[in-house]
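Asks: Features from Swiss-Prot:
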type	residues	note
SIGNAL	1-16	signal peptide
DISULFID	42-131	disulfide bond
BINDING	43, 45, 47, 64	Ca(2+) binding site
DISULFID	44-60	disulfide bond
DISULFID	59-111	disulfide bond
ACT_SITE	63	active site
DISULFID	65-138	disulfide bond
DISULFID	66-104	disulfide bond
DISULFID	73-97	disulfide bond
DISULFID	91-102	disulfide bond
ACT_SITE	105	active site
């Protein structure tokens, strides 16, 4: 189900944060968010439950927690500014929400890069019903 919603959003041309996050992921990992991270493990993509399957999935769990901590923000649609210098993502000026959303996305993209060596193709398009372990708290 999670994959359906992500593909639907991509097809209608979502502007803003989701596309910015995809660009950050591409810059850091040389992989597109879809298909590599949009439905990986139990937490990458829409929603999440259970225990993260590996370090990459934990990046998504932490990213979800980061978004949860934002109050009165729209992390999936707010547009923020950032730049890319010598392999480093630098979040730019903006509202407090925009800065925090950018930092959440930057941290996740860096986490994905750091965990590329342990990325497992078997967790791509992982089915939600397989995420049966008790969920962790943020």
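The backbone N, Cα and C atoms fix where each Cβ goes, glycine too.
Where in this structure would I find these features, and how exposed are they?
Replies: Residues within less than 8 Å, Cβ to Cβ, of residue 131 (disulfide bond) and separated from it by at least 6 positions along the same chain comprise 41, 42, 48, 49, 50, 51.
When secondary structure is read from DSSP and collapsed to three states, residue 47 (Ca(2+) binding site) falls in the coil class.
The Cβ of residue 60 (disulfide bond) lies under 8 Å from the Cβ of 37, 40, 41, 43, 44, 45, 48, 52, 108, each of these being in the same chain and 6 or more residues away along the sequence. Under DSSP, residue 60 (disulfide bond) is assigned to a helix (H, G or I) in the three-state scheme.
Residue 59 (disulfide bond) is surrounded by 25 other CB atoms, counting those within 10 A of its CB over all protein chains shown.
Sequence-distant contacts of residue 63 (active site), defined as residues of its own chain at least six apart whose C-beta falls under 8 angstroms from its C-beta, comprise 43, 104, 105, 107, 108, 111.
In three-state terms derived from DSSP, residue 65 (disulfide bond) belongs to a helical segment. Counting every protein chain shown, the Cβ of residue 65 (disulfide bond) has 15 other Cβ atoms within 10 Å.
Around residue 97 (disulfide bond), the same-chain residues six or more apart in sequence whose CB sits under 8 Å from its CB are 70, 72, 73, 74, 78, listed in sequence order. Residue 97 (disulfide bond) falls within a helical segment according to DSSP.
DSSP assigns residue 91 (disulfide bond) to a strand.
Note on residue 105 (active site): other Cβ atoms within 10 Å of its Cβ, all shown chains, come to 26.
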Asks: Given residue 91 (disulfide bond) and residue 66 (disulfide bond), what distance in Å do their CA atoms have, once rounded to a whole number?
Replies: 15
Asks: Just to verify a number: CA distance, residue 64 (Ca(2+) binding site) to residue 102 (disulfide bond), in angstrom, no decimals.
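Replies: Rounded to the nearest whole number, the Cα-Cα distance is 13 Å.
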Asks: Suppose we draw a 10 Å sphere around the Cβ of residue 73 (disulfide bond). How many other Cβ atoms does it contain, all chains included?
Replies: 18
